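Per Swiss-Prot, ATP binding site is recorded for Thr14, Thr15, Ser16, Thr266, Gly309, Gln313, Gly410. Summarising the annotation, Swiss-Prot assigns ADP binding site to Thr14, Arg18, Thr266, Gly309, Gly410, Asn414. Per Swiss-Prot, the feature sn-glycerol 3-phosphate binding site maps to Thr14, Arg84, Glu85, Tyr135, Asp244; the stated evidence is sequence analysis. Look at Swiss-Prot and you will find Arg84, Glu85, Tyr135, Asp244, Gln245 tagged as glycerol binding site, backed by sequence analysis.
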Amino acid sequence: MSEHQYILALDQGTTSSRAIVFDHQGNMKGVGQQEFRQHFPKPGWVEHDANEIWSTQIGVAQQALSNAGIRASDLAAIGITNQRETTLIWDRATGKPIHHAIVWQDRRTAPYCDSIRAQHEKTLQDKTGLVLDAYFSGTKVKWLLDNVPGARERAEKGELAFGTIDSWLVYNLTGGELHITDATNASRTLLYNIHTGEWDDELLRILDVPRSVLPEVRNSSEVYGKTAAGLLGAQVPIAGIGGDQQAATFGQACLERGMAKNTYGTGCFMLMNTEGEAVPSQNKLLTTVAWQLDGERTYALEGSVFIGGAVVQWLRDGLNIIRSSTEIEALARTVDSSEGVMLVPAFVGLGAPYWDAYARGTMVGITRGTTKAHIARAALEAVAYQSAELLEAMQKDSGVELKELRVDGGASTNDLMMQFQADILGVPVIRPKVTETTALGAAYLAGLAVGYWKSTDDIAHQWQEDKRFEPQMSEEERSKLMRRWKKAVARARDWEDDSEA
């Protein structure tokens, strides 16, 4: 076997670290996966131990190589994709984190966001394409600097480094040599100007973050450096970085304007390619960098739903309605409909197009005849309804009418949910042969940088359809259900107020 036959993708997710080896055809050759602990120190707070993230990530990388029956010397490159916005600060001298990582789902900075909203929201939105929300990294960085004893002074002296998870992985992979991020991850911090492609002094001033902690922003596809000697058995080029949702968009080959994908993971994330135009949203969507190749930025509109597949975990762990996540489809299929039950899973507030931090989970339409099967079905449908609202907003903003939706992520294997998604959208929903599109996108980014794949055309030709779900619902029925859904959402909104939250 000649060397450099494969690409290794590191996929650092919210609940697990994974690694996948891909070949030239984009087929998976070996996989490693390990869950890690979620820490919930207070209501609304979510943290990860960054050392555990690193140890599980390097562990699964070795596992994937061994499962593929190859060595590090067989790799052409490594690509990295990561849970976005999750925020970490470490000591440059020791490489030790000064606190647990604050996860994207964490709401501790919501009151701070409210306090600066009137004065700064417009500036932040115009420059970053984001809404002012606790979800993004900037306010988390400020919280760490203000709440970890001595952190701000040490940051001013240049002793500390901030990074999203991609930065932390590259730092550790290179033995502390590189402190970098890519444009997609930088575009999720509230500190980066998506129009100039640089960290922005005005944004840094608003959020009180010193420039000295920031990583260098690089392309999403270029050779950044090599893995440290002794780490994997050979020094491998690290050549691609993309935030998970952007990487999935690339892996789904949504390479032209108006192409869109939806990833059904813990949350749901829909991105539509808008090419070189950073389309400002009038409907509370995000404008974000989709990828940056050779200094050229491609943009996307993004809508995020906080609770997607996580609603199934709640049925399993919170209500014990199912024993394992895989049982939900069979249970939901035992009834023909939810019999009018609507479940709005606003467990941590609502994302796009509402951005309501004070909404809470709500179930309406329950009668004595309601069973766990109706609740299971309502839970699956809730994911599709939330995604339909994102698409509605996207079409309004972009002026592009969607022809099809490409889907991926864990819950996209649920045929019942995908059929309902097509019904409620009124467009075909298409699942590709390789549903690990996040990791595949990272592999593509890395492979392009080292010439393993020659061009984005190569990538577009690799994408293959596995199953197509055609809409089967009448326009009248669709409108009726969407009206009912919006009524249910209205019941869930503004539930907590500041004084109670």
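Residue positions begin at 1 at the first shown residue.
Every residue, even glycine, has its Cβ placed from backbone N, Cα and C.
These numbers come from a predicted model, not from an experiment.
Compute the center of the Cβ atoms of Arg84, Glu85, Tyr135, Asp244, Gln245, which mark the site for glycerol; besides them, the chain residues with Cβ within 8 Å of that center are Gln83, Thr86, Trp104, Arg188, Gly243, Phe269, Ser304. If you count neighbouring Cβ atoms within 10 Å for each of the binding-site residues Ser16, Gln245, the highest count belongs to Gln245. Cα to Cα, Tyr135 (sn-glycerol 3-phosphate binding site) and Gln313 (ATP binding site) are separated by 21 Å. In this structure the alpha carbons, written CA, of Thr14 (ATP binding site) and Gln245 (glycerol binding site) are 12 Å apart. Residues within less than 8 Å, Cβ to Cβ, of Gly309 (ATP binding site) and separated from it by at least 6 positions along the same chain comprise Tyr264, Gly265, Thr266, Gly267, Cys268, Ser325, Val383, Gly409, Gly410, Ala411. If you compare Cα positions, Gln313 (ATP binding site) sits closest to Asn414 out of the binding-site residues Arg18, Glu85, Gln245, Asn414. Residue annotation for ATP gives Thr14, Thr15, Ser16, Thr266, Gly309, Gln313, Gly410. The furthest Cα pair among them is separated by 14 Å. The Cβ of Thr15 (ATP binding site) lies under 8 Å from the Cβ of Glu35, Phe36, Gln38, Thr266, each on the same chain and at least six residues away in sequence.
Of all the binding-site residues listed here (Ser16, Arg18, Gln245, Asn414), Gln245 has the Cα closest to the Cα of Arg84 (sn-glycerol 3-phosphate binding site).
Asp244 (sn-glycerol 3-phosphate binding site) sits 12 Å from Arg18 (ADP binding site), taking the CA atoms of both as reference points. Within the group of binding-site residues (Arg18, Arg84), the Cβ with the highest number of other Cβ atoms inside 10 Å belongs to Arg84.
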